[in-house]
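Undergrad: Checked TrEMBL, it gives:
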DOMAIN    E:18-153  domain 'Molybdopterin cofactor biosynthesis C (MoaC)'
BINDING   E:Leu78, E:Cys79, E:His80, E:Met116, E:Glu117  substrate binding site
ACT_SITE  E:Asp131  active site
There are 6 protein chains.
Amino acid sequence: MTETPTLSHVDDQGQARMVDVSQKTSTARTAVAAGRVIVGAEALRLIRENEIRKGDVLTVSNVAGVLGAKQTSRLLPLCHDVNLQNVEIEFSLDDEAGAVDVRAITKTEGPTGVEMEALTAVSIAALTIYDMCKSVTKEIEITGVRLLAKTGGRSGDYRRPAGPRNN
Amino acid sequence: MTETPTLSHVDDQGQARMVDVSQKTSTARTAVAAGRVIVGAEALRLIRENEIRKGDVLTVSNVAGVLGAKQTSRLLPLCHDVNLQNVEIEFSLDDEAGAVDVRAITKTEGPTGVEMEALTAVSIAALTIYDMCKSVTKEIEITGVRLLAKTGGRSGDYRRPAGPRNN
Amino acid sequence: MTETPTLSHVDDQGQARMVDVSQKTSTARTAVAAGRVIVGAEALRLIRENEIRKGDVLTVSNVAGVLGAKQTSRLLPLCHDVNLQNVEIEFSLDDEAGAVDVRAITKTEGPTGVEMEALTAVSIAALTIYDMCKSVTKEIEITGVRLLAKTGGRSGDYRRPAGPRNN
Amino acid sequence: MTETPTLSHVDDQGQARMVDVSQKTSTARTAVAAGRVIVGAEALRLIRENEIRKGDVLTVSNVAGVLGAKQTSRLLPLCHDVNLQNVEIEFSLDDEAGAVDVRAITKTEGPTGVEMEALTAVSIAALTIYDMCKSVTKEIEITGVRLLAKTGGRSGDYRRPAGPRNN
Amino acid sequence: MTETPTLSHVDDQGQARMVDVSQKTSTARTAVAAGRVIVGAEALRLIRENEIRKGDVLTVSNVAGVLGAKQTSRLLPLCHDVNLQNVEIEFSLDDEAGAVDVRAITKTEGPTGVEMEALTAVSIAALTIYDMCKSVTKEIEITGVRLLAKTGGRSGDYRRPAGPRNN
Amino acid sequence: MTETPTLSHVDDQGQARMVDVSQKTSTARTAVAAGRVIVGAEALRLIRENEIRKGDVLTVSNVAGVLGAKQTSRLLPLCHDVNLQNVEIEFSLDDEAGAVDVRAITKTEGPTGVEMEALTAVSIAALTIYDMCKSVTKEIEITGVRLLAKTGGRSGDYRRPAGPRNN
């Protein structure tokens, strides 16, 4: 017989379940995530002038974020393997807040969304900024890591409502 | 010219060959694998009552098995990269045998089977159980790691014949 | 001759530099990091009652965070390989804020600190919580990822000053 | 203050705990593990005559096992990173049983044992044998994966008692 | 709205960009790469007679190259994840040059080429040869790592022009 | 009994052997490796002016090389895990040759050398340069990947003899 076997009586033993996407249709999908790294005025100036001792903070963090996005399913246990068509990371410097804003876009064609890939790209890029600036100041903080928008998939498109935290 | 280049005269030098699946058709595929971890009565009781010092054995092993399945092609040299649509791991406790039975189902749509992914999920989950119980007893043993069934692919469906070892 | 070779005239080409720790002394080191995942009241209730469909959120996130900490030097380009002696992750549920608070402690004996390992543990655990709750609500946000304290190393011990953001 | 911070009131939330080895002393450590892959008479003959289509089964499995041992702490969530001083894998062919016996020795100097590294080496080598022989027969089974002996560490040396399963 | 979001004003900050392949069509693709490891007469003789102390150089290097090809997108930051349909590595021994010639073919069906996968397979196989022979001689050198041919994709087929360096 | 177990009669089955370094003493060790990527005049100009479309070639390659060095023991089967104290990569542009010269220094304190880590850093950095320039020209070639010098270890220091290939 050819029907798919099923598991009976799981009994809540070993509680970690991927979503079975074998019945989902493949569509074009994108996700946009953002986050902020508050580094303070001094570190922000050094980043802008490319004078952080460990190197070019934004390019190194960009590389780390892109590589991190491609590791998502190895880092987050219940995420599916995805062949990303693109990972794009943008940084902007907010002088007033003494912060680097990180934004990532991910794209694929497939049965699963790429929200977690965008959020992982932002998180790993943010951690790399943290690592490269921590000899300048210890008062660093990563905030506002969140999904801004997604397209594709059965649940449809999404755009995060505007609000005090949502730029 | 556009034809695929070929390698001539391999001469038995460097003997490790993947199967070329470029001519295989993509079909829905599933695999079911099983294995047993004999831990003894005392460790089994502690697992059931969730009192193993290192934590919730079945959930931790479930996570490890799912992550392990996604690492199959990095662990087994001649396996192809596969984007799994699902990995599902089930545990059952056999008091008489003092054993945890592990069962894994894997699914994909593609030109290659997912038997080794299911077997890797079982093996890594079993090793995690071993690791988490080894402070209770050293007489642990992993047995009966085998393919129970598969569907899809040119070679057709397969179900392991019943027998003393095949539950 | 046996002296260590050096690189001359780097000329700002290829700006990414690890810190050379060959002259640093090996000491016992610890770090504590924290972060918060705002998931809202409904998801928080489901986490508490262990009714999130994907499984036991806190145990899965704990496992992901521990594994993530051990991947730090592969994720953050300029971090050194470290053999961690311990990674400990704690969760607490804040009903008023609709949030899960994550805290991680890392320990090693060596020439480099383990701040980034603690921060990576928190980030990967937080992303896993995000992933497991995102079918309940899309309005999730990771905030307050920061170092709380560290001990060991030449720069001495550090404890983050109290403040509105620093619990 | 410089004392190590501790986590209070874990409340059984997120149950996955590494053993804190920061107080353990570093000693020389070895472990020996074994396992068996039952492949049947035909596949065994092909392995012996090096005629398995995918290549030299024992050398490929040896490489996979050595690489797998070095991945142990990334595969088994609660294992510590270890710098192995040696991984040695031996195969013997048992004609009567139609089986390949796998044995692995691991060595390190450190605060943690290397039992799981030896068991992982055996398991990954066994899975590679499985993968390379599965086009010859589907009735393959991995059995008897267990620790045979260990030396070093506070709990002292161990040698598995002789018995029907323990060669 | 469902259109794909875009990033505005990148400002040359964080300069690392993958190519967005979401608009590329999926075609059959192959690549052939080559390289040479000059090891000298003595090491070449030991390789041929399979007497290098560390083992069967060509099979171990073959395995390493195949596994390396599957790691390409984790090693080269701007490469896309690819599910390879085949990786094939061939070695030939050049007595006159005291060299091992390495050649790799990679295949996939998808929107991106597999040149870098073939080149990574050659490089990792070559480094493995280097590692296994370096106790025999220190005067080893890897040369001529280059793309020989590719098929598929919008830019069409390519065959490297003949020349003194291009065998 | 506490003596280290040994493997008897390996019989040339499964030929892949790490060197057992459990009896080696730990010393300070460094290695310097070099390599060249011939990209041609046009790509070299674009690298110098930082106008390669994929981004800042030298910084991205630097990051890739540093991360690659830390992956050495996962890529080269018989290399030991090493905690590197430093990885330093330098690039210089040779207009006459139309080439980027890559040089890497690695350092550790331990029982094994870090030659392969330096060579892997050079190779992965070189492959990244290749990847980022391949849309400009297909006639790229990596040459001269070799060890220039090492210090530490029983075999003593080494400096590659000068010669036409050895800059």
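Yeah, the Cβs are placed from backbone N, Cα and C, and that goes for glycine too.
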Undergrad: Any idea what the Cα distance is from E:His80 (substrate binding site) over to E:Asp131 (active site), rounded to a whole Å?
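TA: That separation, Cα to Cα, works out to 28 Å.
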Undergrad: Give me the non-local Cβ neighbours of E:Glu117 (substrate binding site): same chain, 6+ apart in sequence, Cβ-Cβ under 8 Å, ordered along the sequence.
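TA: Correct list: E:Ala31, E:Ala69, E:Lys70, E:Thr72, E:Cys79, E:Val82, E:Leu84, E:Val87, E:Thr106, E:Thr108.
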Undergrad: Only counting partners 6 or more residues apart, tell me which same-chain residues put their Cβ under 8 Å from the Cβ of E:Leu78 (substrate binding site).
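TA: Same-chain residues close to E:Leu78 (substrate binding site) (Cβ under 8 Å, separated by 6 or more) are E:Ala16, E:Arg17, E:Met18, E:Val19.
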Undergrad: Between E:Asp131 (active site) and E:Met116 (substrate binding site), find the distance joining the two CA atoms and give it rounded to the nearest Å.
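TA: On Cα coordinates alone, these residues lie 22 Å apart.
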Undergrad: Over all shown protein chains, what is the count of other CB atoms within 10 A of the CB belonging to E:Met116 (substrate binding site)?
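TA: 28, counting other Cβ atoms within 10 Å of E:Met116 (substrate binding site).
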Undergrad: At a CB cut-off of under 8 A, do any of the recorded positions E:Leu78, E:Cys79, E:His80, E:Met116, E:Glu117, E:Asp131 come close to chain F? List them or say none.
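TA: Checking chain F against the recorded positions, the residues within range (Cβ-Cβ under 8 Å) are E:Leu78, E:Cys79, E:Met116, E:Asp131.
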Undergrad: How does the model score the domain 'Molybdopterin cofactor biosynthesis C (MoaC)' (E:18-153) in terms of mean pLDDT?
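TA: Reported value for the domain 'Molybdopterin cofactor biosynthesis C (MoaC)' (E:18-153) is a mean pLDDT of 97.
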Undergrad: Which number gives the other C-beta atoms within 10 angstroms of the C-beta of the residue listed as 'active site', all protein chains shown included?
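TA: The Cβ of the residue listed as 'active site' has 25 Cβ neighbours within 10 Å.
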Undergrad: Under a three-state reduction of DSSP output, how is E:Glu117 (substrate binding site) classified: helix, strand, or coil?
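TA: Where E:Glu117 (substrate binding site) sits, the three-state DSSP reduction gives helix.
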Undergrad: I'd like the Cβ neighbour count for E:His80 (substrate binding site), meaning other Cβ atoms within 10 Å of its Cβ, all protein chains included.
TA: 23
Undergrad: Should E:Cys79 (substrate binding site) be counted as helix, strand, or coil on the basis of DSSP?
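TA: In three-state terms, E:Cys79 (substrate binding site) counts as coil.
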